[in-house]
């Protein structure tokens, strides 16, 4: 029995020596300390745990991850800190290969601090200059002609639908259909203009009406063009002469009033018989975006009233004053105009269109491209043209 225990003791001593040598080698660069949580001296408990870990792979991985989190590594003083050739973070070879999120946050903090100081200084020096009469007059709430004109704008899409319905049943020739669409689209733009010119309305009421009329005009143009093309494709299908690149193969042309109604309220200028839709409406998200819309719209009005209007009112006529003085006025207006333009872009193209798309479950929400990534004037011009064509022909 003593002879049988001798080889086992020899094997245990060999394993212990091997473990000690391996730990000594690993300690050349790092020292390892394991934080002990629970110590189990019972061999039966260890055997039961090993059996459970073998039967359940997920629990085994979990225990391994916990053991790894309990291990801390410490650099030894003799470990080399310089192990290769590296560039400084701000060098020309490495500056564009890393993230600049911290520098961007610093710029935002500086921008907010500087502009807040300028706003406080302007209010202390000139006082509160916001005048509600610039936006609303005493006739704003009683401006019934503009309000009735806005309510009558849906008559033009309905007329365009009747024209397409007659064209679908081949009651009207092609030239007559085109001529009627020209009359309808032109009338949708000239009718509000004539009402605004005849009525002494406030600025906000007139701008709102013209915005709605321009949107209706653009939508009617897209509706006429799309239906014209779909009629041509339907005729090609009847003649079995359809181009292979056509996306409407298998979808015959048909006029649907529900599609037109959804198109007139959807945040798009491109007519389709169907659109990608989301599954549900995120009500909390809509409330947050609407709060942002109110805040940024108020900030835009504050800049216009507190900075832009006083500069324009205190300026001379451009043709009567000095050229140097006119240049100084233009440069003084450039910064608040830039802020107003950015707020307008964010409020309309991002907040308002996304709110409308969420309420209507409109899926395609790429309303603009990343024009801010342009690196020169040529790319700015290219981005503007791409955004215009993308908005109309996407």
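The chain as shown is numbered from 1 upward.
Any Cβ shown, glycine's included, is placed from N, Cα and C.
Marked as compositional bias 'Low complexity' by TrEMBL: 14-26.
Annotated compositional bias 'Polar residues' per TrEMBL: 37-47, in sequence order.
Positions annotated as compositional bias 'Basic and acidic residues' by TrEMBL: 51-61.
According to TrEMBL, the region 'Disordered' annotation covers 1-61.
Among the features that TrEMBL reports, transmembrane segment is placed at 103-124 (among others).
Look at TrEMBL and you will find 144-163 (among others) tagged as transmembrane segment.
Residues annotated as transmembrane segment in TrEMBL: 175-197 (among others).
The transmembrane segment feature in TrEMBL is assigned to 203-221 (among others).
Taken from TrEMBL, the feature transmembrane segment covers 290-308 (among others).
For the transmembrane segment (338-360), same-chain residues at least 6 beyond its ends with a Cβ under 8 Å from one of its own Cβ atoms are 262, 265-267, 278, 281-282, 285-286, 289-290, 292-293, 296-297, 299-300, 303-304, 308, 367-368. The transmembrane segment annotation in TrEMBL covers 338-360 (among others).
Here the transmembrane segment (144-163) has Cβ contacts under 8 Å with residues 172, 177, 180-181, 184-185, 187-188, 191-192, 195-196, 198-199, 201, 205-206, 208-209, 212-213, 216, 219-220, 223-224, 255, 257, 260, 264 of the same chain, all six or more residues outside its ends. If one looks beyond the transmembrane segment (103-124) by at least 6 residues along the same chain, the residues whose Cβ comes under 8 Å of a Cβ in the stretch are 306-307.
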